[in-house]
Each structure stands twice: as C-alpha cells, then as structure tokens.
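One structure is given below, encoded as structure tokens.
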Amino acid sequence: MQEPEMRFLINAMRSLHCVHLLCSRSPSLTAYLSCSITTSVRLFSAAPSGTMASQSWLDIPASSPFSLANIPFGVISTAPSATPRPAIAIGDYALDLFTFASAGGFSKLPAFQPHIDVFAQPVLNEFAALGRPVHRQVREYLQDIFRANTSHPEVLKDNEELKKTALIPRKDATNHLPMKIGDYTDFYAGLNHAYNVGVLFRGPDNALQPNYKHLPVGYHGRASSVVVSGTPIRRPNGQILANPAADPKVPVFSPCKRLDIELELAAFVATPNKMGDPVPIAEAEDHLFGVVLMNDWSARDIQAWEYIPLGPFNAKNFATTITPWIVLMDALEPFRTQGLEPANRESILPYLREKRPDSAYDIKLEFELKNKGGQPTSVAKTNANNLLWSFSQMLAHHSVTGCNMNTGDLLGSGTISGTEPGMFGSLLENTNGGKTAIKLADGSERKFLEDGDEVTLRGMAGQEGSYVGFGDCFAVIEPGHQIN
C-alpha cells in the first residue's frame, strides 16, 4: 500500500471514530458525518500521487511554507474591505473564504452547505467548534480545488472572476488574530529548557523539580495580550533587583534590562468540554483545532524578583506573539514522531498515557535576531520533537479536575530547546544566564534584547515543494514608557 493510500485510510478511520463523539454534541452534523467517508473517497480518487505542491494549477514557490500539503487557516482584511474574515494561505496568496463561500465555492461539498456562515465571522471559533472531521473535509476539499487536475475546475481554476476577487496576494492582506482567545495556559514541556534553566538557578542536582516528569507543569497566562505576528512589543517596566547580591534585597522600578524570547508552539482548542467532565486522553487530540508558532516574551529580571512563591506574573503578562496561520492537526499528522520519551510510557499515570508513543512532531525551528539596521543572525536551530509532553496530554491534564475548556483556548508548549549551544530556544540559555554575549552578524553583541531589535521565529516540516510551515513569528522591540 502506498503512503497516500495509507494516509487516506487513517483519516477515514479517524472520521468514523469521531462520529459518536460529535453527533452526540451536535445532531446537526449527523448528515455531514454520515457522508464524510464517501466525500473522502471522491476527493482521494481525484488526487494524483506524488508531491502535492508541484501539482497545483496555482504557482506555489517550492520554498513556500504554505504548500498544497498545508492549507492553514487564518483571518485577513484588505484595503478594499477592512472587515476581518477567514482565509487560507496557499503559496503567496490568501483565499478569502467569505468571498469564496458567497460565490458558491463550496457548492461541490453539499454536506458543508449548512455551515458556510462560519466563514462570515471575524474569527475562526465557529469553524473550529464544528470539530475535526469537518476541518478534515473542508481542508481536503480545498486541496482538491487547487490541484492541477481538480475534479471541479469550474469552481476556481477556470473561474477568472472568482480568482480576481477571492485569491488575494498575501502581501496585500493584513493578518489578524485567527481566534477569539478566552483563556491561555502556558506549559513547560521543553525538558531540555527546564533542565538548562534549572541548572542556572539551582545547580545540576536540583535542576528538575520532583513533579516534572509526572505531570505537564503549566501556569495561567494572559489572553488579552496575545497578539498576531508583526505587532510591535513595548519594553515592560517593573520591579527589579539592581543588585541581586545585596542584603537586604530592595527593588527599584526600572525598564526591563533582561528582555528575552521563548521559542514555542501552541495549540488551539476546537471542541469544548462541559465543566465537571474531563477530556479523556484517547479523545484529547480530536478536541484540538491546530497549531501556531509562539513567542512567549519574558522579562527575566522582573521574573527573578516576583516569581516566588506563586510563579511569573508581570514578567509574562505584557505580550505573547503568535503566527497568524493555524496549521490543522491533520496537516501535521505525517510528521508525527516520538518526543523525548514515549507518550505511552508506563512511568506516567494512566490518565496521561497515550496509546501511541509518537506524540511529538518533526518540525524544524529557528530563532533569528536582527539589530536595528543590521543583518539577521541565526541564534538557534532546534526541533519540536524536544518536548516531553504532547498537546493531548496537556489538554487531558488541564481538564482532569473537570476544568471546562472552551473553543479558542490556547495551550503553549513551553520553550523548545535542544541539548547543545546553538539549539536553545531562549537568550537566557544561549548566554548562560547573561554571562556570555552572543555575536551578531555585524559584530555587535547581545545578552538580552535591546530596543530596535527584531526577533523572528520560524518553523517548517517536510521537504521542499511540500513544506508545512507557520510563516514568520516576528516583532520589533520598542522602548518602554518613562514612568516616574
């Protein structure tokens, strides 16, 4: 059996597995789900073998993170129409899903017709809430629409008028937050990062807390300050210890002097659970919508003074940047791999134990820094497989008390680092706690971020011609307000 056939059968079986879950919560989806496998067969039979990206009628650069194998969802606006609306990214273009749906673009997917109003919304929450089988069918349908030998050329390929109105160069579109985020929780699943930071503060013998390998450690973040890539980040002010060695310890009020980044992934919740009803680990992945790249900005000096005994507060609440395009769970499926430890390991409690060992993803990640007027410097390269806990395990743990998770809730992975210098996802690690500066391309040095610095994070899976990526997660640091 060829790989495309195997992938199709896996997806079909997953669709069936989800029927009893979603129909019980949304009876209106029964008709949709009952025909989902038939639709998959029709779309699959029209799909040729080989590399998807090279077989689109649309010119997609081989280096694009938005190949036909991806189809990530986001929200855009344009100069002619300032109203935010859903879109997908494909190559250098965005397909305006509101315009596409309004012009009958989904007419060949009749089971989706009752739901096309989800693409008239300013965020993707209503689409996400329809559940993974629906996400899968819409994504597969759009892949078919863009294939060179699409089974429906009249929908878009040969429809010049619709191409002019619905297919927008991404450079001409403004990105917005793709979801309305109710709650944001940041986990600490990057084992190497946790160890490296633990060594800096507590020494190698006490680097990891006793609970670390038994549960996904996390804290509640600030949803209101999650912003889309490209939003400038203002340096925070706060209490810091000018001389940490002094006794007694008396803080001063100051702009943050140790501003840092954290290279992370984050997953959005799709379907909610009721308060009091935990999400079982076997069902957790089907509650997830997709993944973005995330920069959890951190004020290290503010954090050092405030975090005992309740953890970070102002050091983390001022900004979190995410990429605008949500890569669906199905798009990441071909890149599943084992993380730092098997997800079905016997050493963890049963409510966290997955059936499969491969709960991580083989996604290449990069952290790039550019000073004002300078050239970009690649600070670190790592991989998303450097995680101890999966998003499914995070969701199962978060809800095990009966905590109700809502559509649009965001789960951060924690900083992703490798085991050696040049593989660390923060400046704190790359500079050994601020002791050793890194050199930039123009010869200047950095221990932490300075005003005018531009940080870019990137993530990509797959091979040239069929990349599945997130696009850039970037921001420029602006000076903080002067507060007396």
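For all residues, glycine too, the Cβ spot is worked out from N, Cα and C.
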Listed co-binder of substrate (same site as R202, Q303, Y307, T415, source TrEMBL) among Y184, Y188: Y188
Per TrEMBL, member of D144, D158, D296, D301 binding Ca(2+) alongside D186, E262, E264: D296
Residue among recorded positions H193, R202, K316 with least C-beta crowding, 10 angstrom cut-off: R202
R202 (substrate binding site) versus K316 (Mg(2+) binding site) - Cα distance in angstrom: 21
Cβ packing number for Y188 (substrate binding site), 10 Å threshold: 20
Residue with minimal Cβ packing [other Cβ atoms within 10 Å] among the binding-site residues Q303, T320, T415: Q303
Rounded distance in angstrom between the Cα atoms of T320 (Mg(2+) binding site) and E262 (Ca(2+) binding site): 10
